[in-house]
Amino acid sequence: MSNRYSDFKTQLQGSMVALVTPMKANGEVDYPRLADLIDWQIEQGTHCLVAVGTTGESATLSMQEHSDVIHFFVKHVNGRVPVIAGTGANNTQEAIHLTSEAKAAGADCALLVAPYYNKPTQEGLYQHYKAISEAVDMPQMLYNVPGRTVVDIAQETVERLADFDNIVAIKDATGSVERGKLLIDALGDRIVVLSGDDGTALELMKHGAKGNISVTANIVPKAMSDVFSAALKGDFETAKKVHDSIEPLHKLMFVESSPIPVKYALNKMGKIEKGIRLPMVWLNEKFHDQVDAGLRAAGLID
């Protein structure tokens, strides 16, 4: 197997944020706020940025908007950190189109969520990813999040896909440390295994994961960077100490479907307007006090 992406794989580590897509109250993408968030994340030490993933509301952006956000994102980052662009779809041709757009924009890697809703078989998943890999020559990351997609990329399927040299990583958002550990044991020398679950990410790092693609890092980028920088050095005592101080935030960011709570939090922090797109709605009032208390305890709001 070719190693032409070996150097790039070493960049896929540490604290990576699945950044929200800021929107105005009318639902339009708020590009000035997006630029500010990107700058803040980089200043706070985030190692890698993910554009228009699940947290970035990829499902409710039009194809043109999706492409426009990726182009803006890459241009504004301007090489300061790697950019991973969410380009997954449950239609293989659409995923190929979005991945081609990400490559044209200059993104460093494409993040490809498993096709949702139409429930492909394992062979269908293999053929889907194979087609994208062959159609667009750029680093690609598998994304397994069965809680959202209702399909689970089996380890055997990942092992087959690891034969493609541009399939460089997998984001494992199953929330199962055991599942992640099995992946690392079988494939850790071939592809980069990243956590996609804030609550279990540090534990998975102990077993050889290289980093975490995070929702919570939207609001505490410095703390998350500190956690995973320490973990990469093998200093799990420091990592756990910082992690424990922000662990309550992980739960709060999922009191309703993400990115509802994290957008509410960023709005309370003055970082974004109160904008989200249907069918997602603003955080239910019954959770406001709970989330506010958590933000206050973390020193994020007065």
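Glycine residues also receive a Cβ, built from the backbone N, Cα and C atoms like all the rest.
Taken from Swiss-Prot as is:
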SITE      THR54  site 'Part of a proton relay during catalysis'
BINDING   THR55, ILE213  pyruvate binding site
SITE      TYR117  site 'Part of a proton relay during catalysis'
ACT_SITE  TYR143  active site, proton donor/acceptor
ACT_SITE  LYS171  active site, schiff-base intermediate with substrate
Neighbouring C-beta atoms (10 Å sphere around the C-beta of TYR143 (active site, proton donor/acceptor)): 27
Length of the line joining the Cα atoms of LYS171 (active site, schiff-base intermediate with substrate) and TYR117 (site 'Part of a proton relay during catalysis'), in Å: 19
Three-state secondary structure, which DSSP defines for the residue listed as 'active site, schiff-base intermediate with substrate': strand
Chain-internal residues near THR55 (pyruvate binding site), provided their CB is under 8 angstroms and they sit 6+ positions away: ALA18, LEU19, VAL20, VAL215, ASN218, SER258, PRO259, VAL262
ILE213 (pyruvate binding site) CB neighbourhood, other CB atoms within 10 A: 30
Cβ neighbour count (within 10 Å, all chains shown) around the residue listed as 'active site, schiff-base intermediate with substrate': 27
Residue among the recorded sites THR54, TYR117 whose Cβ has the most other Cβ atoms within 10 Å: THR54
